[in-house]
Amino acid sequence: MSRVSQARNLGKYFLLIDNMLVVLGFFVVFPLISIRFVDQMGWAAVMVGIALGLRQFIQQGLGIFGGAIADRFGAKPMIVTGMLMRAAGFATMGIAHEPWLLWFSCFLSGLGGTLFDPPRSALVVKLIRPEQRGRFFSLLMMQDSAGAVIGALLGSWLLQYDFRLVCATGAILFILCALFNAWLLPAWKLSTARTPVREGMRRVMSNKRFVTYVLTLAGYYMLAVQVMLMLPIMVNDIAGSPAAVKWMYAIEACLSLTLLYPIARWSEKRFRLEHRLMAGLLVMSLSMLPIGMVGNLQQLFTLICAFYIGSVIAEPARETLSASPADARARGSYMGFSRLGLAIGGAISYIGGGWLFDMGKALAQPELPWMMLGIIGFITFLALGWQFSHKRTPRRMLEPGA
């Protein structure tokens, strides 16, 4: 085995271990924020939506800057610094009793993510061969789902005692992750050249097809991020207990672990990537529409199952499409910019969704936010269809098995 192949194989295992620590640290805390501050402390959902939207926008919206800096200085210092900054954000969240302090903690958490997320994604592009990326992204997503349910279970258990324990656990996990990277991550360059920050950003912005695709995905993310805000609140409202939220993540884990990799393997040989993305988005949109009209957990969990199945179909294709055009001279910049749709869609959906949720309750129309999300999903579906049919996408982005 050549040294390059050996480095790639070792890199895969490193990425998987690192990803598990990050996912556990995140999901111990974030799914419970809405339960803690809306249900336990009585805050308006829009206040928590602003906090979650701020974290999303800072982390993903500034990702191109974090990626460009990592292209210039390498992955390791950015990742370690970002992990420690997120740990500080979680520690601050544990003592938040006013909205401004929650917002500040989410700002710190998002800024940390800005530093570590783009270089971690760029390492995947660097270490995983193009023909293997779809399957590797599926493995990462299976791991995400398992880590999400384990993290949510642990966080729900700790929440019975004290929210500060929840935040302390998340902070400790990110400190461990920082130490893991500081100890074992080689000083790898992300790009084939030490690209200046401005040059990396220029290369991304000149790729109009990629920019259009990323911005169109904002509508997709408006649906996807509600697993952190309105879905947990809805489950808690119907069940009458925050303990039921863990079953929502258990459903996601079961579906992902049993279906994600087989569906990815089966569909990559039969359908183009853009068809898989659009099919998954359509299922997600259809499942969102009736959520506000359900009256029991069985109906709600059935719709959540359908939503997760749509995500299982769409996510590997979306990740592969986002990684395919990355210029080897500016990998960090490309992967940072690829998160901009999540920044825009997530921020709008968290703040707007929280506001619509409060308004729906006030007007006795709980279906209002869910109908709006379903409509946004359909508009995004049509926009992606127009883009893929009118703007010729490179064959390597579309071919089965690309």
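Heads up, the Cβ atoms here are built off N, Cα and C, so glycines get one too.
Positions annotated as topological domain 'Cytoplasmic' by Swiss-Prot: 1-12, 117-138, 186-213, 265-276, 321-339, 389-402. The feature topological domain 'Periplasmic' is assigned by Swiss-Prot to 34-98, 160-164, 235-243, 361-367, with sequence analysis given as support. Among the features that Swiss-Prot reports, transmembrane segment is placed at 13-33, 99-116, 139-159, 165-185, 214-234, 244-264, 277-297, 300-320, 340-360, 368-388, with the record citing sequence analysis.
If you take every residue in the topological domain 'Periplasmic' (235-243) and average the pLDDT, you get 80. Within the same chain, residues 212-213, 216-220, 222-223, 226, 230, 274, 277-278, 281-282, 284-286, 288-292, 349, 353, 356-357, 359-360, 398 sit at least 6 positions outside the transmembrane segment (368-388) and bring their C-beta atoms closer than 8 Å to a C-beta of that stretch.
Against the transmembrane segment (300-320), the recorded stretches 13-33, 214-234, 244-264, 340-360 differ in Cβ pairs under 8 Å, and the greatest number is found for 244-264.
The transmembrane segment (139-159) shares the most Cβ pairs under 8 Å with 13-33, out of the stretches 13-33, 99-116, 165-185, 244-264.
Counting C-beta pairs under 8 angstroms (sequence separation of 6 or more), the transmembrane segment (340-360) reaches the transmembrane segment (214-234) with 3 or more such pairs.
Here the listed stretches are 99-116, 165-185, 214-234, 244-264, and the one with the most C-beta pairs under 8 angstroms to the transmembrane segment (277-297) is 214-234. Same-chain neighbours of the topological domain 'Periplasmic' (160-164): 32, 36, 40, 94-95, counting only residues six or more beyond its ends whose CB sits under 8 Å from a CB of the stretch. Proximity of distant same-chain residues to the topological domain 'Periplasmic' (235-243), defined by a Cβ-Cβ separation under 8 Å and at least 6 residues beyond the stretch ends, is recorded for 32, 35, 39, 156, 159, 294-297, 300.
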